[in-house]
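**Student:** Taken from Swiss-Prot, the feature domain 'tr-type G' applies to 10-214. Annotation comment: Swiss-Prot describes 19-26 as region 'G1', evidence class similarity to another entry. The GTP binding site annotation in Swiss-Prot covers 19-26, 81-85, 136-139. According to Swiss-Prot, the Mg(2+) binding site annotation covers 26, on the basis of sequence analysis. Residues or ranges marked as region 'G2' in Swiss-Prot (evidence: similarity to another entry): 60-64. Marked as region 'G3' by Swiss-Prot: 81-84. If you look up Swiss-Prot, you'll see 136-139 marked as region 'G4'.
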């Protein structure tokens with residue numbers, strides 16, 4: 001029997017379930033796979049399978065994440081669900097599982113809770129651009145007015161964090177009732193059961209409301225330099241993995257970071273495994289031959305990019321998860337003016353943490369291992385940085401924190 005080929009006929013979108021503990025994220029994930037499996041568009045996954053999420057390592061941090069996949073008429077989805085709250089925080093900050101959109105699950109019986117708020121804030125900070133809401137456990141609320149109040153509360157909370165609270169689709173239903181119906185009759189079709197129809201209605205909203213992301217290959221070219229060689233008679237070659245976009249010989253690029261001034265040059269050749277390549281694409285490991293550039297002028301940690309697409313910066317705000325002692329992090333707290341290294345793309349840059357802020361905007365004096373915190377950083381050298389970019393915080397070569405750039409200051 002030949003292995004099934006992965007058909008790339010539909011656009012691919014990465015999503016995930018977020019929300020407070022016990023509001024039904026994993027049950028909803030199971031319900032979606034079961035409802036779509038009834039139409040032959042997914043493999044049905046039980047709650048227990050999803051809940052027993054395997055451990056993964058991302059930037060040296062262990063995270064439990066379950067991955068499921070399914071299709072609708074329009075798209076192919078990869079969906080992440082995390083068993084524990086700490087896993088969500090780590091997942092969203094490290095970008096271990098990239099999310100193009102999220103399904104925020106809120107229990108209609110309880111309304112928004114502290115982690116509901118925290119996940120909305122995190123989605124905003126780490127750049128999950130669009131959310132759709134599933135108001136779960138509708139079967140446990142008899143009072144229609146109460147449902148409307150909870151919906152209003154969710155919309156206000158979304159608006160508070162600068163999501164378009166008035167426009168976001170909210171679908172009411174019961175993930176558990178849908179799972180029970182599909183467990184009894186796995187072949188339920190659309191129109192056979194109200195609870196299952198509500199799950200399908202949710203997926204219709206996700207299809208319509210969460211835009212298809214721009215593919216890496218269509219974004220402006222960027223490659224972080226890993227190594228630099230000089231080839232006699234040919235010039236200087238910079239090697240690295242193309243992060244996004246594409247590159248051909250003859251195109252103009254900028255070399256950005258570390259030095260005060262950005263340098264413009266022309267790519268005279270693209271090579272892979274010592275062979276000339278017509279075009280380098282996102283994901284390729286290539287060598288770029290650069291016109292009129294001396295080996296001394298460029299180094300690891302700079303990036304080569306489409307002119308004007310990225311600028312060097314020294315000051316930014318980051319949302320950071322600080323590793324616990326058990327995760328290999330620090331054993332002791334740190335304070336203002338702490339000076340670790342910030343590992344960005346391919347290099348470590350020393351920076352000073354000038355202040356710490358809690359979720360409510362109040363100043364924090366001391367940061368403990370295991371905390372999630374917003375920090376303002378000043379680097380000693382300018383580096384090509386953009387919003388949504390991931391970084392690690394290191395001390396003597398070991399990772400003590402993971403972060404994402406939430407705002408550029410200068």
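Note: Cβ is positioned from N, Cα and C throughout, glycine not excepted.
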**Student:** Taking the Cβ of each of the binding-site residues and counting other Cβ atoms inside 10 Å, which one has the highest number: 25, 85?
**Tutor:** 25
**Student:** Near the region 'G3' (81-84), which residues from the same chain, at least 6 beyond its ends, have a CB less than 8 A from one of its CBs?
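**Tutor:** Distant Cβ neighbours of the region 'G3' (81-84) are 16-17, 21, 25-26, 29, 50-51, 53, 63-66, 68, 91.
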**Student:** For residue 138 (GTP binding site), just count the other CB atoms lying within 10 A of its CB, please.
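**Tutor:** For residue 138 (GTP binding site), the 10 Å Cβ neighbour count is 20.
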**Student:** Report, as numbers and ranges, which residues of the same chain sit near the region 'G1' (19-26): CB under 8 Å and 6 or more residues beyond its ends.
**Tutor:** 47, 50-51, 66, 81, 83-85, 104-107, 110, 112-116, 119, 134, 136-137, 175-176
**Student:** Using the structure shown, find which entry in 19, 22, 26 (the binding-site residues) has the sparsest Cβ neighbourhood within 10 Å.
**Tutor:** 22
**Student:** Could you say whether, by DSSP, residue 82 (GTP binding site) belongs to a helix, a strand or a coil region?
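**Tutor:** Its secondary structure by DSSP: coil.
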**Student:** Per DSSP, what is the residue count of the region 'G4' (136-139) in each of helix, strand and coil?
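**Tutor:** For the region 'G4' (136-139), the helix, strand and coil counts are 2 helix, 1 strand, 1 coil.
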**Student:** Give the helix, strand or coil assignment DSSP yields for residue 25 (GTP binding site).
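**Tutor:** Assignment for residue 25 (GTP binding site) reads helix.
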**Student:** For residue 82 (GTP binding site), write down the residues of its own chain that are at least 6 apart in sequence and whose Cβ falls under 8 Å from its Cβ; none is a fine answer.
**Tutor:** 16, 53, 63, 64, 65, 66, 88, 91
